[in-house]
């Protein structure tokens with residue numbers, strides 16, 4: 001189909017740099033693009049935030065546009081983020097080796113993770129970061145490359161149950177000491193619902209327009225200086241230190257009103273998942289008119305699948321197109337009892353995590369209070 005061919009033509013243009021594509025919760029693959037806010041342009045999906053002063057620094061380009069799915073996690077769950085140089089995985093690689101720098105992960109509690117325009121602004125707290133590991137002489141991005149593009153963190157065990165945005169941030173410093181400085185931030189957000197937890201309310205910062213300054217030592221840092229000026233001053237606030245969950249009594253009324261996830265769940269009847277889109281079985285039919293009517297409903301869904309696909313790929317849409325072709329073949333051959341393979345789940349088995357889930361050694365040195 002034309003849309004499929006067009007997507008393949010555009011894909012090579014998105015080779016540059018990196019982007020977060022896939023969330024794993026406790027080592028379970030949620031699906032490419034599922035629950036992930038990302039740049040929806042395949043040509044620029046792996047590009048850094050420009051300009052640095054943009055509010056896109058919160059969740060990336062198109063980061064104020066929510067997706068329909070929210071991935072469930074638990075307090076203390078292991079979140080693993082996969083980064084790719086090619087969003088659809090057409091070629092291997094996570095980020096160019098020259099793009100050396102720190103990594104950080106933030107969270108923000110929101111009323112509704114499926115709502116637009118809730119990324120930039122107050123409410124963010126950092127749950128993990130690491131910069132330059134003097135024991136291995138490697139930057140976080142170098143460790144990321146060594147680990148096939150996988151980066152893992154733990155959800156704090158004591159934060160409140162509810163909806164959260166989880167913000168990943170990679171900073172490439174290869175041009176940060178240029179004149180003018182050109183630090184490259186790669187930012188995306190995942191939508192999750194944290195189950196369990198406690199009542200902790202971490203101190204937060206506002207991330208948006210003007211959050212980072214080119215005058216910040218960690219932003220304009222010279223990675224080529226010998227010896228390096230260490231310790232490296234990681235940009236942003238200090239990491240929130242989880243205190244664990246205290247035992248506390250909960251009255252029946254509180255239990256009845258406790259928040260439960262009711263948004264962003266996988267729809268019932270979904271037989272094919274493509275990032276945040278689902279394909280649904282077409283109506284039964286027993287005559288020629290019904291057969292072609294169901295064929296049309298299948299192709300209507302196919303059209304939406306191709307038109308709304310994230311840069312992570314259209315392979316699921318190709319699977320759906322095969323289903324529609326099968327219905328057409330049945331209609332043309334006079335087989336008017338269907339649909340064929342009714343209700344068969346077509347979503348491929350998700351790939352296994354291909355890297356270590358060990359959390360990279362965190363930089364725990366104390367710095368002076370950070371200012372942007």
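Just so you know, the numbers here start at 1 and follow the chain as drawn.
Just so you know, glycine gets a Cβ as well, placed from its N, Cα and C.
What Swiss-Prot lists as signal peptide is 1-16. Taken from Swiss-Prot, the feature Cu(2+) binding site covers 17, 99, 186. Taken from Swiss-Prot, the feature disulfide bond applies to 59-189. Feature annotation from Swiss-Prot assigns O2 binding site to 174, 184; the stated evidence is similarity to another entry.
Annotated features, which come from Swiss-Prot, shown on the structure.
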residue : record              : Cβ contacts under 8 Å, 6 or more apart
17      : Cu(2+) binding site : 46, 47, 48, 85, 95, 96, 99, 172, 184, 186
59      : disulfide bond      : 37, 119, 120, 165, 167, 187, 188, 189
174     : O2 binding site     : 98, 99, 100, 101, 184, 223
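Of all Cβ atoms in the protein chains displayed, 20 besides its own lie within 10 Å of the Cβ of residue 184 (O2 binding site).
Secondary structure at residue 17 (Cu(2+) binding site), as computed by DSSP, is coil.
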